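Per Swiss-Prot, active site, proton donor is recorded for 33. What Swiss-Prot lists as ATP binding site is 26-33, 144-147, 173, 181-184, and the listing cites sequence analysis. Positions annotated as (R)-pantoate binding site by Swiss-Prot, on the basis of sequence analysis: 57, 150. Look at Swiss-Prot and you will find 57 tagged as beta-alanine binding site, backed by sequence analysis.
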């Protein structure tokens with residue numbers, strides 16, 4: 001596996017590749033990231049992973065400075081997973097001048113759900129992803145379903161800019177107790193980690209209720225928020241949405257996704273479960 005840090009070295013490493021599959025990350029990798037690399041390998045060509053903690057997607061008071069930088073350990077995991085090339089630029093390599101141009105993500109996607117609590121976040125995500133797409137020029141890019149809103153933002157950006165990239169979604173990996181794997185789980189204290197699976201359980205309860213015929217979506221979400229708040233969580237949102245557009249679900253909505261973001265102590269956790277009328281949880 002080759003590791004490069006500059007744009008010139010990245011281009012040289014890919015100069016003879018007819019196609020590639022790309023997995024963008026911020027590092028501090030876990031088994032969920034590894035599964036995305038393994039999924040990328042199914043699509044032919046070298047697998048490229050990026051490791052870059054993107055300052056544009058962090059707001060004031062967020063965890064940019066304390067986000068773990070674990071490049072050596074990350075490269076070991078990527079090599080074991082069969083990754084071919086790692087692009088690990090520093091900030092000056094990816095942003096050689098002030099990034100005054102940004103991707104303008106529509107408010108319906110950028111200012112709802114996580115965007116309502118993290119202003120500018122999705123513009124920062126879309127901007128860095130577009131830059132990385134321009135540099136790597138992949139035919140396939142793999143993103144995790146755990147960051148569901150991010151996945152839809154990237155898909156819509158690719159569609160609207162006519163980018164010749166197939167966006168592939170990888171399933172959310174979970175610990176045995178149901179907690180979705182996340183680089184930020186390491187922030188949790190032992191007591192918080194023991195409580196954290198409640199978030200997934202609340203989403204699963206909503207999915208089960210919908211599968212059982214419940215259709216008062218507002219009441220289901222409100223009850224989950226109340227239970228989480230009563231257990232000491234600080235809830236940003238619990239919502240039931242159209243899985244394709246993230247618009248508020250109605251009785252006619254066929255594909256549903258239940259999404260949540262909530263804080264345990266100083267750690268913000270997100271999760272989601274998709275709903276299908278026949279099979280319940282899809283991911």
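Every residue, even glycine, has its Cβ placed from backbone N, Cα and C.
Bear in mind that the values here come from a model prediction, so they are computed numbers and not experimental data.
Local packing around the binding-site residues 150, 183 was summarised as the count of other Cβ atoms within 10 Å of each Cβ; on this measure the leading residue is 150. A separation of roughly 18 Å, to the nearest angstrom, links the Cα atoms of residue 145 (ATP binding site) and residue 57 ((R)-pantoate binding site).
Put simply, residue 150 ((R)-pantoate binding site) is 18 Å from residue 29 (ATP binding site) when counted between their Cα atoms. For residue 173 (ATP binding site), the nearest of the recorded positions 33, 57, 150 in terms of C-alpha separation is 33. Within 10 Å of the C-beta of residue 145 (ATP binding site) we count 20 further C-beta atoms, all protein chains included.
The distance from the Cα of residue 26 (ATP binding site) to the Cα of residue 57 ((R)-pantoate binding site) comes to 11 Å. The most densely surrounded of the binding-site residues 26, 29, 173, judged by C-beta neighbours within 10 angstroms, is 29. The shortest Cα-Cα distance from the residue listed as 'active site, proton donor' to any of the binding-site residues (57, 150, 183) is found for 183. Proximity of residue 57 ((R)-pantoate binding site) to non-local residues of its own chain (separation of 6 or more, Cβ distance below 8 Å) is seen for 120, 121, 122, 124, 125, 128, given in sequence order. Residue 33 (active site, proton donor) has a Cβ environment of 26 other Cβ atoms inside 10 Å. DSSP assigns residue 29 (ATP binding site) to coil, not to a helix or a strand. Around residue 32 (ATP binding site), a 10 Å sphere centred on its CB holds 20 further CB atoms from the protein chains shown.
Residue 150 ((R)-pantoate binding site) sits 16 Å from residue 183 (ATP binding site), taking the Cα positions as reference. Look at residue 183 (ATP binding site): DSSP puts it in a helix.
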